[in-house]
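Enquirer: Mind having a look at this structure? Questions to follow.
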Amino acid sequence: MRLPERQLAVLEAASATDERTIDEIAAETGLKPETVTGAAFDLRDEGLLSVVETAAETLGLTDEGRRYVDDALPETRLYRAGLALDADEAAVSMGRVIGEAGLDGPEVDIALSNFARKGFGTIDSGELTVDPDADPDADPEAAALAALADGDDPAVDEAVLDQLDSRGLVDRGESVTRAVTLTDDGVDALMTAVETTETVSQVTPELLASGEWRDVEFSEYNVEADAPTTRGGRKHVLRRTADRVKDVLVGMGFQEMEGPHADSDFWINDCLFMPQDHPARTHWDRFALDVPPMEGIPDELMARVEAAHRDGWGEDGDGYHSPWSQEFAREVALRGHTTSLSMRYLSGIAGAELEPPQRYFSVEKVYRNDTLDPTHLLEFFQIEGWVMAEDLSVRDLMGTFEEFYRQFGITDIRFKPHYNPYTEPSFELFGEHPETGEEIEIGNSGVFREEVTGPLGVDCDVMAWGLALERLAMLTTGAEDIRDLHGTLADIEFLRDAEVSY
Ligand code: PHE
């Protein structure tokens, strides 16, 4: 059975002890006594409660009775006035005594009749005599009035009460006390009601509009309950790393380069003095695209690059003397490095002719026909960069990297001599993986050869590099497998939880 909330509250309060009065229940539940009474009768009608009524007499003073408590009963005042006028020795005129007593109106008759009744004295032919032995202070009627005024329950003689009642000085009434007790059905009903009370966890517009909210039980908040983890969107750790890289490089005075992902082989390889028969230029090693050749390579530049390949550049230069064709140079491939962008910018075709000093960078995607493994992806981001200035040394290169990696908390990079067809000297960079302790390659660098800078029209030093963004992220996040970071095998949990300090 589903009980209305008030009935349930009354039933519950009533169950606390064997017998409870309506007033006790009202005090406990905070409901008005009338409300509790109504609910108790409803419950009685349902057979869930028994209600025992006990009538008790109530006794209170009327206004007149209260006035006599303050001013003394009229007959007492008459007696005292009589005494004051020596009416115990001689009869004194009534008028004088009444005047002395300050009695007025109906009080005069009241005083006279009760004076005689109580034996305070005698009244004869308009003269009053007081009985010196009478004692109004011991008057039981006055004592009863005083006790009632004090709120005591006076153990008063019935006859005295009747007297006061007939004089209209007290109010006699009857009050009914109702004590309630649960019946066996009531106990059962309470148990099932407590068990089945539906709790509501949310106020809805319907509950409010229907007024039903008054009768439903709201569930309490459990602030210690387990809650599902809610995750908001977050920037991919690789994107965060890329953004930080850009900030750091811009902070170091670099400007950003941009350019095509699919580019002419000319920019990707020929400008870099990579012989056209170099193994890295076979279709096995790169993603070639079946698209028409790109235009826009300046003829003189093409001629100078071809000359460098065929015969070398500078006084001591000797070319490759290997096959070279403009058609091959114009073919389009997905760039395997972003050094193609460096070539475009150094040549001046990407903007104005550049005068030293200059610093440029990009953080862009490159594509390689590698074999996927824990440190290799087919697509990854390269942090390309170069500095054009007079008299650059290997110290400048190392100092630049040390400063750059320090921004990511990496202070132990190692340099190893290396070979690139386009730089001399060349260095590979290594960092120590924070989890495995293994050395992993994080970049490749060097100072561009004259065969590269010469045909581009640059006649000062250019130091340059390509660093792997994902490898940097492996060092900062502790990812042990590069495939966790991006691509189809990315580890979503890892990416959600990965913490980096930048
Ligand atoms: N292109 C090189 C690579 O992809 C990086 C590099 C750029 C090295 C410029 C030297 C100079 O590994």
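Please read every residue number as a count from 1 along the shown chain.
For all residues, glycine too, the Cβ spot is worked out from N, Cα and C.
What TrEMBL says about a protein is an automatic prediction, not a curated fact.
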Enquirer: Look at the L-phenylalanine binding annotation in TrEMBL, where Gln382, Ile383, Glu384, Tyr422, Phe448 are given, and name the residue from Thr339, Thr476, Thr477, Thr488 listed for that site too.
Expert: Thr339
Enquirer: Which binding-site residues from the list Thr339, Ile383, Phe448 come close to ligand 1, meaning a Cβ under 6 Å from one of its atoms?
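Expert: Close enough to ligand 1 are Thr339.
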Enquirer: Whole-number Å distance between the CA of Glu424 (Mg(2+) binding site) and the CA of Phe448 (L-phenylalanine binding site)?
Expert: 6
Enquirer: If you count Cβ atoms within 10 Å of each one, which of the binding-site residues Tyr422, Phe448 comes out on top?
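Expert: Buried the deepest by this measure is Phe448.
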Enquirer: If you draw a 10 Å sphere on the Cβ of Glu424 (Mg(2+) binding site), how many other Cβ atoms land inside?
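Expert: Result for Glu424 (Mg(2+) binding site): 14 neighbouring Cβ atoms inside 10 Å.
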Enquirer: Suppose we draw a 10 Å sphere around the Cβ of Glu384 (L-phenylalanine binding site). How many other Cβ atoms does it contain, all chains included?
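Expert: That number is 23.
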